[in-house]
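**Q** Pasting a structure below so you can have a look.
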Ligand code: FES
């Protein structure tokens, strides 16, 4: 086994694929399984166009919010109906692409799916199977720079989800309300912990001492930012659990556990 650096001062020329002896393949494998399972579930649900609204308690799953299709139950459409009702168009198709792009361009998810799906590289100090590496300098990966704009869109969508969760309390309090509320708290924590949010809050100033409010906000966001990976996974879980609970109620599989009303 030889190990030298190439003449151009680039990568070390190591004949073995990796010198690592630990189970480096486990995190990318788990990420692959987790992300693939979530994407399959979310795609099926987004196109199902059914079991997304519980009229009795005003529960709307985040996968169908805001419900803009003319096919939506009118009471579930808090912001109007103008999209055609066709099978290939999810009812929330105006906002779902932004949420998808927000997560696809997220710094953490990039790391996760570059490793788990593209093996580029699969782990630290493990050679990738690709011959060429151009980083994020070319289309389409150049588009990762748009993350900041998708952050703004995601913040607006989190506001809409919060509005849905608050509206549901008009009918009393049940387990569904608590699940919807916990989901929006998790969504806000993930959104605020975004790296772009951190630079928006703390960037473009030369002196924190002259901007105490922004400094405090930046400290707060930075603390959340350290947990960004955990929050990314937590929100995938809360979104799926919230959607599944609403679906189970709407389909009549279970009844809501009521606390008040
Ligand atoms: Fe992950 Fe912005 S870096 S959401």
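From the backbone N, Cα and C atoms, a Cβ is placed for every residue, glycine too.
TrEMBL: automatically predicted annotations, no manual curation.
As listed in TrEMBL for this protein:
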type	residues	note
TRANSMEM	24-44	transmembrane segment
TRANSMEM	88-109	transmembrane segment
TRANSMEM	149-166	transmembrane segment
TRANSMEM	172-190	transmembrane segment
TRANSMEM	231-254	transmembrane segment
**Q** Is the transmembrane segment (88-109) packed against any residues at least 6 beyond its ends, judged by a Cβ distance under 8 Å, and which are they?
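**A** Tertiary neighbours of the transmembrane segment (88-109) are 35, 46-47, 49, 52, 63-69, 71-72, 143-144, 146-147, 150-151, 153-154, 157, 160, 194-195, 228-229, 232.
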**Q** Would you mind listing the long-range same-chain contacts of the transmembrane segment (24-44), meaning Cβ under 8 Å and 6+ residues beyond its ends?
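**A** Sequence-distant neighbours of the transmembrane segment (24-44): 18, 63, 109, 112-113, 115-117, 119, 122-126, 233, 236, 239-240, 243.
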